[in-house]
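Annotation comment: TrEMBL describes A:28-45, A:115-132, A:137-154, A:160-180, A:213-234, A:275-296, A:357-376, A:455-474, A:480-502, A:514-533, A:602-622, A:634-652 (among others) as transmembrane segment. Per TrEMBL, the feature domain 'ABC transmembrane type-1' maps to A:156-337, A:476-656.
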Amino acid sequence: MTATLERPPASAPAPPEAPRTRGPVPRWAWLLGILAAWIVASWIGHGKATLYLPGQGSTDVHEWFTQLKRDLIASRDDNLLMQAVGAVSDLFGGAVEQLQRFVSVDAYPRPVPQIGWLGVLGIAGWVALAVAGWKHAVGTVAALATVGLLGYWNDGMDTLVVTFVSVAICLLIGLPVAVLMGNSRRAYALITPVLDVMQTFPSFVYLAPATLFFGLGAPVAVAVTVVYAVPPVIRVATEGIRGVSETTVEATTSLGQTPWQRLTKVQLPMARRTIIVGVNLTTMAALSMSVIAGFVNSPGLGKPVLRALTAGTNQVGVAFTAGLAIVVIAIMLDRVTTAASERSEVLARSGGTDRRTRWIVLGVAAIAAGVCVVLSRRSLSLADFPDTGVGDTVADAMQRATDWTTDTFSGLTTWLQETTTTLFINPLQDLIASSPWFVTGTALLLVALVLGGRVAALTTLVCLAGIRLTDLWYDAMVTFTSVLVATVFVMVLAALVGVPMARRRMVDRVLRPVLDAAQVMPAFVYLIPVLALFGPGRFTAIVAAVIYAAPVAIKLVADGVKQVSATTVEAATAAGSTPWQLITKVQLPMARSHLVLAANQGLLYVLSMVVIGGLVGGGGLGYDVVLGFSRSEYFGKGLVAGATIVLLGIMVDRVTRRAAARRTTSPSVRSALVIGRSSGLARRGPLV
Amino acid sequence: MKPTRVSALTGSLATLALVLSACGGGDIEKETEANESQAAETGDCGELNMAVNPWVGFEADAYVVGHVAQEELGCSVTYKDLKEEVSWQGFGSGEVDVVIEDWGHPDLEKQYFEDQGGDGSAMDAGPTGNVGIIGWYVPPWMAEEYPDITDWNNLNKYADLFETPESDGKGQFLGADPSYVQFDEAIVNNLDLDFKVVFSGSEAASIAAFEKAEKDKTPLIGYFYEPQWFMSEVPLVKVSLPEYTDGCQDDAKAVACDYPETELKKIVSTSFMESDSPAVGLIESFQWTNDDQNLVAKYISEDGMSAEDAAAKWVDENPDQVEAWLNAG
Amino acid sequence: MTEAAQDQALRVDGLWKIFGARADKIIGTPDAELGRAELKERTGCVAAVKDVSFTVAPGEVFVVMGLSGSGKSTLVRCLTRLIEPTAGTVVLDGQDITSASEARLRDLRRHKVSMVFQHFGLLPHRQVVDNVAYGLEVRGVKKTERRARAQELVDLVGLTGYEHSYPDQLSGGMQQRVGLARALANDPAILLFDEPFSALDPLIRRDMQDEVVRLQAELQKTAVFITHDLNEALKLGDRILIMRDGEVVQVGTPAEIVAQPADAYVRDFVSDVPRSHVLTLEYVMRPPEPTDSLEGPVMDPDVVVRQAARAALSSAHPVQVVRDGELVGIVDDDAILRVVVAEESVPA
């Protein structure tokens with residue numbers, strides 16, 4: 001009916017794909033062939049031309065970057081850029097400080113902050129009521145009270161302050177950029193890779209140099225948080241703006257609107273819901289930086305977590321309690337912003353009496369909140385969160401639990417670590433890292449060609465060339481091996497747990513909150529117990545990565561299996577399928593696009609743990625980054641290691657996505673691939 | 001935004017402002033007044049920015065000095081949790097005044113010490129009295145079971161004991177937290193030891209590994225150091241390497257000797273040192289022993305006390321020593 | 001304003017739209033003469049509109065008809081530069097659109113010309129009345145004033161009572177009434193319709209066509225109406241332009257098109273059309289002969305055959321076709337029956 005030919009797409013048509021594998025030789029046969037050739041070549045050239053560099057070694061490339069940093073430091077007194085950035089960062093440092101004096105730091109000469117805990121609860125409850133409804137208001141108050149009970153009121157408030165300031169700056173920067181990207185294809189093409197790098201570049205690398213520009217504490221914490229957290233809101237808001245119906249834009253333009261009117265009256269209102277989803281993802285991303293920011297003295301819950309880490313196995317309970325406070329805050333912010341997104345439409349539409357009632361309720365609540373504030377300013381016990389000892393009890397219980405676990409399973413875990421390392425990691429690493437570099441490079445290129453086609457192979461070629469130039473080929477391949485093994489574990493877990501979740505409501509109900517919590521629990525909290533169980537090494541790094549990445553993959557698989565049409569399942573059941581047949585022949589194959597998405601996300605999440613893995617003996621690029629962060633003379637090595645991680649990330653991401661795109665035409669999965677890369681708590685909504 | 005919403009928002013903000021300005025009385029008010037009058041009395045030490053590097057021994061030093069500065073000199077002390085490198089960067093910008101325990105960072109000294117060609121933002125403020133002993137250590141059970149293992153000459157004999165899936169068929173040597181200056185790869189190489197250095201990645205990982213090794217009676221050898229609170233929990237035994245001689249560590253690739261005993265020192269920012277803060281004298285005169293530090297560190301890590309409480313406890317128990325620091329300055 | 005401009009509400013001259021890189025370099029070269037497929041192969045460009053010219057008189061309903069991909073929707077978008085034409089001129093109400101500045105163009109869009117879209121293009125976050133008032137809002141009309149005006153139009157298109165509904169609460173037909181009201185709110189001189197009823201159910205489509213006929217009778221707007229539906233074109237159009245592959249195939253009144261198709265393509269197109277609904281007496285009459293009876297009913301040559309049929313057949317004498325008081329032709333029963341029953345188009 002519609003005239004489809006009339007508006008050809010402005011972008012060039014996709015280049016021809018590599019020969020389809022539906023021909024005489026199936027894809028898996030190609031892969032097996034490549035693998036066989038690889039093994040043979042690797043056996044012949046084992047240990048030669050591996051480009052191995054000792055842990056404390058570095059090359060001219062690395063030295064060059066280190067010198068760059070030294071020059072930067074030497075020039076700091078008369079470097080105009082640094083002065084300018086410093087002036088700006090004083091602004092947000094000041095903002096954080098002011099807010100802190102309101103809620104978390106003694107507003108001297110007052111012995112307490114301007115607003116005590118009761119007042120904060122009142123205000124937070126009111127805000128949640130206004131944007132998300134009374135259920136979430138109750139939830140918010142309960143969550144904040146829990147943070148106080150755990151004994152981290154002040155640190156929790158600090159975390160909230162830093163998060164809020166960061167998110168505000170993210171929106172200030174992100175929304176205009178999203179508008180630009182939403183309206184200009186060129187800007188979209190130019191900025192997207194920048195966002196990719198911002199999200200995959202390990203913040204450890206630029207943490208130390210960033211302090212040169214931004215200064216210690218809150219300002220640098222806000223800066224690095226913004227770098228990491230701004231891409232999600234840009235991506236999602238851009239999708240929102242691009243997703244606004246073209247006809248509507250055309251129709252309103254035909255009425256003579258200015259570009260500004262188009263933006264403010266058409267695009268932004270229509271993208272509002274999506275934009276709030278972006279705010280949610282950005283908030284979660286900002287919160288996930290709270291511990292890393294602790295490395296540069298950011299106020300907040302990162303401090304107790306890191307401090308407990310230095311005290312070793314005795315303080316695991318304390319670290320866990322502080323981590324729990326982060327989890328509670330994360331879940332609170334997630335639920336409130338999600339509800340706010342869902343409610344925005346309803347609110348905009350509620351008219352007449354509804355609206356009046358709403359404002360009366362809010363007015364009354366505001367008075368109540370005001371009373372709370374007044375009280376909290378007068379009474380010490382309503383200002384200083386009382387020490388209830390709950391936190392210590394929780395910490396003790398957790399300490400005992402981890403001690404018991406490490407004592408009981410130590411033998412088993414050692415065996416597990418040794419077996420897995422010997423049977424899986426070492427042979428794979430022999431193949432990937434201990435082959436001559438050109439053998440591995442060629443093999444990876446061919447695999448990319450078979451899986452993802454010519455474009456994917458080209459990306460792989462560029463990335464591998466980049467990795468070769470960083471002089472960290474061997475370390476990159478060690479890391480790549482670990483990432484692959486971890487992703488396999490993640491996918492196995494995702495299938496084992498995700499399928500039952502999809503099939504049984506109860507399982508889902510019980511597991512989902514656990515997964516949400518596991519996803520936002522800072523990895524630093526469970527590093528020590530994992531170390532106590534498995535000892536330092538690559539396996540430990542893999543375990544930590546799996547703990548971090550599995551929840552998102554599990555949820556994706558569960559959602560994928562769940563959305564398999566009920567009719568199809570009924571038909572298969574009617575045809576006499578056993579549950580096993582149903583799962584393997586109907587549900588999993590039909591959820592394939594979600595499985596691919598889960599693998600893609602799993603890989604990227606695992607990759608984002610490479611640096612953390614470096615802290616527990618994972619070696620490879622993770623160790624290089626930590627080394628660069630810890631020792632000024634290795635800065636350059638850390639920097640290029642970070643870049644290498646980005647290259648690995650782009651490589652695996654593009655190959656899996658091309659592979660996925662060749663098999664799925666589902667637009668929902670495609671958009672999920674866009675939004676999914678924006679990290680955060682994977683959503684239960686229609687997005688992922 | 002709809003007008004109703006605007007009016008409601010301004011209404012609530014106005015209420016809030018009113019509330020904030022109009023209230024008074026209550027127990028908070030009294031303390032505020034007390035604070036105001038007290039502020040007039042105490043001396044003007046001003047601010048003291050103490051870096052806190054991420055190990056417990058450091059925390060012990062920093063909080064003890066900070067406690068004394070705050071209570072006795074009236075300084076307003078800010079503790080900043082930072083790694084070494086970032087702390088040193090902070091000297092120049094005035095964000096850090098003191099790094100109270102330094103194990104020797106030639107690279108950083110070159111960059112920031114004036115006499116070494118640096119920008120002169122940092123300087124040495126003398127020893128802390130602690131002596132750092134860096135070296136190769138084994139868990140106590142091994143020293144008992146294999147007494148001659150503490151001599152490096154016998155290490156190759158035991159190499160296969162230390163073999164792990166991480167170490168490529170050689171013995172595994174557990175390398176340290178990357179923050180520390182270390183030459184283990186070179187030492188292994190130059191002494192022809194049949195070992196491979198596998199880096200733990202962090203101090204926490206090293207401690208966890210030694211703790212597990214002692215508990216499970218599994219073999220382990222690695223980089224460690226004292227003073228370190230963990231030694232009181234698991235007294236690791238040092239393996240002797242060829243003795244340190246002056247200059248034997250100058251060429252990082254050719255190192256084949258033990259680590260030297262290190263006098264731990266205090267590093268301060270030049271601008272702080274040149275100020276007339278009474279805290280300058282305290283920092284200069286602060287000195288204590290490894291046992292002192294280990295005690296405070298034990299309060300923190302084993303007894304689970306906060307660093308503030310642990311420091312206060314030690315200061316209360318050792319008034320003479322504190323007095324000496326204050327008088328010397 | 002020249003006289004010519006006065007009887008031309010819209011004039012389109014040599015209009016081109018070529019999609020693709022360096023499209024502007026193609027016009028005037030031999031490549032421009034190529035067919036679509038060859039052009040695409042040679043240059044990668046797609047010519048959506050090729051050298052189209054026509055004029056529309058004030059008050060006229062001008063229909064552009066063609067199948068999917070014929071370029072008609074691109075053409076209508078070029079008229080207000082929603083799509084920037086590659087070459088050619090568009091003169092609207094005496095003003096050259098193609099050379100107008102952005103501000104001038106906006107002004108024209110706000111006051112002179114409005115468009116109704118196939119997929120409505122309503123703002124989902126606004127109530128009906130605010131959707132209708134949008135054009136007034138963007139040109140700065142005060143809220144009470146524009147709401148009052150919008151209410152009038154809501155009433156005019158028969159949506160009274162739905163002012164405060166949101167678009168997704170309305171049926172497709174009702175949504176398009178909102179689209180129509182929004183277009184009319186600016187009181188434009190020219191209305192552009194881009195397949196406005198294709199997305200609607202057939203019954204609703206007929207209602208909406210009748211609505212347009214009614215409004216047209218009431219408001220006397222000039223209209224350019226895009227459709228792929230020949231019956232709709234014949235029903236609404238004073239004149240019809242038939243497009244194929246971006247080129248004009250034929251322009252004419254409905255009767256001309258049916259009676260004298262320009263080529264096999266158009267003939268094929270109109271082959272299913274009931275002749276009697278379209279052909280006028282002009283096309284079925286024969287020259288008067290002295291022997292003809294002059295007692296039959298007198299009719300205008302523009303009367304459609306179907307409407308003339310009853311009177312003609314019930315009379316014993318043939319119809320006299322009279323233009324300006326002069327007898328120009330005779331239509332006998334035989335001619336009527338040939339058209340109505342045998343569906344022949346041209347009299348023997």
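The backbone N, Cα and C atoms fix where each Cβ goes, glycine too.
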Determine which residues of the chain contact the transmembrane segment (A:357-376) at the Cβ level, with the cut-off under 8 Å and only residues 6 or more beyond its ends counted.
115-123, 125-126, 129-130, 137, 350, 382-383
With a Cβ cut-off under 8 Å, give me the same-chain residues at least six positions beyond the ends of the transmembrane segment (A:160-180) that come close to it.
92, 95-96, 99-100, 103-104, 187, 191, 218, 221-222, 225-226, 229-230, 233-235, 237-238, 240-241, 263, 267-268, 275, 278-279, 282-283, 286-287, 289-290, 293, 298-300, 329, 333
For the transmembrane segment (A:602-622), which recorded stretch in the set A:115-132, A:137-154, A:455-474, A:634-652 gives the largest number of Cβ pairs separated by under 8 Å?
A:634-652
Other parts of the chain folded back onto the transmembrane segment (A:634-652), taken as Cβ under 8 Å at six or more residues beyond its ends:
56, 58, 61-69, 196-197, 200-202, 204-206, 208-209, 448, 459-460, 463-464, 466-467, 470-472, 475-476, 479-480, 483, 603-604, 607, 610-611, 621, 624-628
Mind checking which residues reach the transmembrane segment (A:137-154)? Cβ under 8 Å, same chain, six or more beyond either end.
104-105, 117, 120-121, 124-129, 301, 304, 321-322, 324-325, 328-329, 331-332, 335-336, 365, 385, 387-388, 390-392, 394
